[in-house]
Each structure stands twice: as C-alpha cells, then as structure tokens.
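Chemist: Quick one: the structure is below, questions incoming.
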Amino acid sequence: MEHRMKPVETPRVFALHRESILKALFLPNVDMRSEKAELDTKSPGQVLDPPSEYEQELPALTSTTERKLMAKIDWHILPCLCVLYLLAFLDRVNISNAAILGLKEDLHLEKGTKYNTALTIFFVPYILLEIPSNIILKKLKPHVWLSLCMFGFGLVMICQGLVSSWGGLMTTRFFLGVFESGMFPGCFYLMGMWYKRSEAQKRFSFFFSSTTLAGAFGGLLAYGIGQMDGARGWRGWRWVFVIEGAITCAFAIVWLFVLPDFPEEVKWLSDEEREFVKAKLAKDVGKSAHHIKMGWREVVGVLKDYRVIIGGFMYFGLIVPAYGQYGLIMPQSRYAYFAPSIIKSYGYSPVKTQLYSVAPWAAAFAFSLVIAWCSDRLRFRFAFTIFPICVAIAGFAMLMSIHGKENRGAQYGALFLVTSGAYSAMPVIVCWFAMNLGGHHRRSVGSAWQIGFGNIGGIIATYSFFDSDAPLYRTGYSICISFCCLSIVACTIYGFLLWRENRKRDNVPPEALPSSTEEEYLGDLALSYRYQL
C-alpha cells in the first residue's frame, strides 16, 4: 500500500498563515478571501511577487520639492494644533491661578478636600472618553470634531466663571473633562498620520511645548487679569475664567474653517503632493487603511497587544510629576494644581508670583526642542526618554533635601530641572509610542489608550500633597520620584520588547516574507516592519 506523506509547509506558506491570523485579529474588516486565494495559489517554489508601490521609490515631485512640501504641511498643521492645545491646557489648569485670586474664599473651599475633588472630577470623563473621542474624530473629520470640542470647553470655562457654589464648580469641571478628552490624543493621532517616524519628534515636541507655553503665558495673562479684581463687582478669578473661555470660543469658530484633516481629505494639497505624502508614509509604516471602518471590535484587537498596554504605563509614570510640577510653579497650588507654591513662599505677592512662574516654563520649552532635535538627528528614542526623566528626578531630590528661604535660589533652580525634565520626556514617550503604531486603527486606539490610561496619574497627583505635609512635602516628592522610576522601568521594558521583536523579524528569511500587498495593511504587525528604538 502506497503511503503519501503530507507536504511540509514552507516558511513562505507559514508566514502567510501567520499574517492572515494577525490580520483577522487586528484588522477584522479586511476581506480575508483574497488571503485564502493567495494561500491556495502560491506554490512552495514560486518566485515572490515583484515589489509593490510600498517597496518602490517615491513618486517624483515636479511642481515643488520635498522640503517645500514639508514646510507647507508644517504651516497648515502645527500652528493650528499648538494654539488649540495651548488653550485646552490653559483652560484646564487656570484654576490654580483662580485659587489665589479669591476662588477658594468665595466658594468656601479653604478647608477639607472639596478643592481636591473639584480637580479630580475633571479626570473621570477625560480618561473614559479618550478612545470614543478618537473614533468619533475619524468619523466626523478632525476639523469638525476638534473645533466642536474646543468651543465646548471654552463655553464651559465661561460658565465656570459664573458659579457660586462648590456644586457648580464640580459640574463645570466635569464637563470640561468631557470636552477636553478628545484634544490631546486627537491632535497626536492627526499629526501621526502626516509625518514619518524620522520626521515626527521635532513636530511632536513643538506641539507638546504648547503646555509649557500655556504655563508661561498663563502666568502673564493671570498677572494682567488679576489687575481687574473688583471690575464690575467681579473678583479676579471670575475674570480669568470668563476672558480665557471667550478667547477659546472665538478661536474655535475660526478653527472650524482652518484646521486640517487627514492627507487623503485636505484640499490644499495637489494630487501630486497627496500621492507623494501617502506613498512616503506607506513606505515608512505601511498603508494607513483610512478606508477601513473602525468600531469596538477593532479597539479590542489593538488592546490585545501587550506592547500597547505597556505604552500606557510609560506615560502614566510621568503624569503625576508633570501635573505636580505645574502645581509647584503656579501660585497657591499644591502639588498637581494646589500645593502652596515654593515661589509664593519667598514672600512675593500673589500677582508678582505669576511673573516668576514664567522662567521655568520658558526653559522647559527650549530644553524640549533640544531633546527633540537630538532624538530625530540620531533616530533614537529610548535614551531621550530616560535622560530627561533623570533630570526631573534630580530636581525632586533637591526639593526634598533643600529647605528654607536662605536656599530659595537652589529651590527655584530645582523647579527648572523638574519642569524641563518632565516636559521634555513626555513628548518623546508619546511620539515614540504613537509612531511605532502603523495605520489609522492602531495609531488612533493606541494613542487614546496611552493618554487616557496615563491621566489616571492626574487623579493620584491631586491627592499627593496635603496642607498637613507643609512645608517639606516629603511624601509628595517621594511619590513623584517613585512614578518617575515607574516610567523609566516601563520605557526600558518597552524598548527591550521592540528590540527583541526586531531581532525575531531579522531572522525571518526573505523568501518567507508574505507578499508586500498583505504587509501594507498590517502596519507595525508586518514582518518587514522594524520598530524604532
């Protein structure tokens, strides 16, 4: 009796099976019939398909140069998003300015934890609505959704200037979290769909520096608005909320007409430029899969990746010190919005303290751009997350060990280290993570997960410092150092996992790689993809 042995699958066929399984898990809306057809028709010895546009040279630009095209893209995207997030962050944290201008006294928040709770309630919808917001952004288009959110939190800010009780403050802070939930991940998601990984860090850091500019600008603006105390019978804190909210609403109306969408949709690119941008991004991370619909099934598929989960811890570890250092610099704010300010403890008036809060933010802005330039220049991210975090830890250590007015110069210098370190590491962490996710689905969900989960640290920050710990605040500083160390550990694990995955893919023989057509839609899950370390 003749026995026939079952043919052994070649690496080529095995890899095709593996890619098909991954596609079923992470891109459920892709038609799998074509995958089965390819498996049925490819023989073990068949020559691989010729390279597709994914692997070929970029289309030529005849009417412009790549440098001019990038400048055009930067001009349309970065100013809009920077102003948007500057106003969002300013409206979120200006409660610390309002606190020294009479808010606590007028609403009877001096004692107990009512002020803490008003800060914390913001983070509840902010955390829960990050992923749904990015799903809506893709459905409605960025210029519509982001402008609506911007107008919403501007209107809420105006209402916050009219509250007369703790309950009213709680309500406005809650809805502020609702409307701001889409800002940060939405902006990073949009930027990630325009730039290659090697181009992204300078842009991400410049955008993220909006937060440092908000700190500096917020201090100057509060200084000016503080002079209006008593105008028309209103305390200064009410004017802070109303004026800054009105500015936000005005910008939101204009931004509805000028905010950019995705490369596939904007009208200010010519057809030639659009195809060049799409081809360049496809060559870097695979096709965007912009046409594939996204629902909760796709969300779950992305969150199955343990690297995505670790990305949340990288950001989570820095949120406590980041919000905390804002509290250190801004007047009358304990760590993370509300600890008694080190600067105010020097004996300066509340209004003058606003001016002294500007310099650390300006230093952080410059330092973050230097870190971003070095990271892009070397095309390396890991070291440029660890080094700034260590700078922040050094600043916190100084604050723990140096006390008294005679050492106020050293204490003030420590604020520069804390601010520069925390706000330089955060954009690198977010960019490193987001730009290692290929395609609309994975980048949208992954970015929202990282920002949403990370902002749980904001809740922890609001309860890290209490008046009973004054003036040393050793517990609060220790908590911040611990979370910085957590971020270092998470970044190290993430970097190791990427390095290990790259090594595995390096060992896959070229003849075992699936066709380039399949790999284009898998993004960073494709065997030909290499993660940026």
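The backbone N, Cα and C atoms fix where each Cβ goes, glycine too.
It should be emphasised that the depicted structure is a prediction, and the values quoted were computed from it without experimental measurement.
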Chemist: Taking 327-346, 447-466 as the choices, which stretch does TrEMBL tie to transmembrane segment?
Modeler: 447-466
Chemist: Looking at 75-95, 237-259, 306-324, 414-435, 472-497, which one has the highest count of Cβ pairs under 8 angstroms to the transmembrane segment (355-375)?
Modeler: 414-435
Chemist: Taking pairs 6 or more apart in sequence, does the count of Cβ pairs under 8 Å between the transmembrane segment (306-324) and the transmembrane segment (115-137) hit 3 or more?
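Modeler: No; fewer than 3 Cβ pairs under 8 Å.
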Chemist: Which listed range (115-137, 144-168, 174-192, 237-259, 472-497) shows the maximal number of Cβ pairs under 8 Å with respect to the transmembrane segment (75-95)?
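Modeler: Going through each listed stretch, the top one turns out to be 237-259.
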Chemist: Does the chain bring the transmembrane segment (447-466) near the transmembrane segment (115-137), so that three or more CB pairs sit under 8 Å (pairs 6 or more apart in sequence)?
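Modeler: Contact between the transmembrane segment (447-466) and the transmembrane segment (115-137): present.
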Chemist: Residues sitting near the transmembrane segment (382-402): Cβ under 8 Å, six or more positions beyond its termini, same chain?
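Modeler: Residues 314, 318, 321, 325, 328, 342, 367, 371, 374-375, 410-411, 413-422, 424-425, 428-429, 432, 472-474, 477-478, 480-481, 484-485, 487-488, 491-492, 495, 533.
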Chemist: Check for me, if you would, whether the transmembrane segment (414-435) reaches the transmembrane segment (144-168) - at least 3 Cβ pairs under 8 Å, residues 6 or more apart in sequence.
Modeler: no
